[in-house]
2 protein chains.
Amino acid sequence: MARANTTKRAILDAALELAATKGITGTTMDEVAELAGVAKGSLYYNFSSKDQLFEAMLQEGVGSLADSLRTAKGELRGWPAIEALVRQLLDRIAANAPLAKLMASEIFRTDRAWQQTLFALRHEALAVFEAAIDETEVPAGRAGIMASSVFGAVLLAGLEWLVFEPERSRDEVAAGILATLNTSAPIE
Amino acid sequence: MARANTTKRAILDAALELAATKGITGTTMDEVAELAGVAKGSLYYNFSSKDQLFEAMLQEGVGSLADSLRTAKGELRGWPAIEALVRQLLDRIAANAPLAKLMASEIFRTDRAWQQTLFALRHEALAVFEAAIDETEVPAGRAGIMASSVFGAVLLAGLEWLVFEPERSRDEVAAGILATLNTSAPIE
DNA sequence: GTCTATAATACGATAGAC
DNA sequence: GTCTATCGTATTATAGAC
């Protein structure tokens with residue numbers, strides 16, 4: 001059982017790393033087994049299928065992301081909460097770039113075996129942003145769109161940073177994203 | 001030759017539609033041939049490989065997106081330009097949801113045969129936003145991050161709308177995104 | 001230019017020894 | 001619990017007729 005848990009861990013880690021660059025469909029079970037340092041038979045001892053392996057991986061990753069956002073918001077309300085959430089999401093993207101890449105590529109796929117699971121987790125993460133936005137003075141029914149906008153801004157800017165401009169500092173990127181949320185339309 | 005062009009068109013359209021839901025790797029040449037209404041041999045007569053077919057498809061789609069952004073900016077400067085670009089990008093996402101989905105899933109992949117091509121086109125599109133942002137009063141070196149943020153906000157909010165809440169109106173979504181860019185931090 | 005038929009390989013999954 | 005060996009099928013690509 002202890003042995004099974006470390007094997008499971010190695011398999012999940014290998015699966016995430018490979019899928020981040022090759023995509024889930026482009027990652028083969030042979031490759032996962034090789035990178036994890038186990039035989040392919042062990043993959044199927046621990047997970048019933050390729051789909052179930054990747055569903056478990058996404059559930060663990062996105063679930064823990066949603067948890068960390070709830071924790072980061074804590075008792076904060078309104079704009080300070082938004083600011084804390086943006087920084088926390090950016091930190092999590094930096095700490096787990098493979099998961100962030102995978103989220104960007106899987107979140108709008110509607111043909112996956114794990115569609116329901118991923119939808120629920122995505123909704124959990126967005127709900128934290130939505131709650132914070134709702135605490136500012138915002139017209140009714142608009143917080144959902146704004147939550148997606150903020151999440152999208154952080155996700156794309158964060159990945160752009162990690163993938164194409166890794167020489168920048170984290171604070172620089174956070175400041176740029178937060179500045180985007182304060183772009184002011186001129187008063188006419 | 002005329003016949004070849006209509007065949008090419010049918011193949012490219014079928015490839016885009018399939019890849020939007022199944023991903024590029026998950027789309028087979030047999031499926032493309034069937035949806036396009038041609039035999040598989042015709043795919044290989046018009047394109048030298050699966051990779052080259054999808055590179056051509058992305059080049060056409062993302063290239064025309066970048067062109068339309070340049071046109072939308074026109075002679076506008078600063079905030080009015082940003083507003084026009086946000087609306088134009090949202091319109092293009094709505095008019096070509098399959099391409100938008102594909103962009104979200106392919107833009108951070110670094111193992112693709114067409115990586116260079118896609119990188120250049122992505123850069124072209126972001127440059128239009130960056131120019132508009134640079135025309136507002138923004139600290140030096142920050143416009144690049146802000147351009148990614150705005151692009152990400154529109155892309156994710158737009159896809160969220162089309163995939164999960166299609167009952168909303170386009171103006172409602174545009175207003176929500178623009179409001180996100182004007183979220184004000186309280187003055188303390 | 002377009003078709004059908006087929007070659008060559010890659011991949012998910014399973015069986016059975018240890 | 002983990003391994004090796006293998007089965008069956010799906011997939012890219014090509015050959016050759018029309």
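Positions of Cβ are set from backbone N, Cα and C atoms, glycine also.
TrEMBL tags one of the stretches A:8-27, A:28-47, A:108-127 as DNA-binding region, and that stretch is A:28-47.
For the domain 'HTH tetR-type' (A:5-65), the model's average pLDDT works out to 98. When the domain 'HTH tetR-type' (A:5-65) is classified with DSSP, helix, strand and coil residues number 49 helix, 0 strand, 12 coil.
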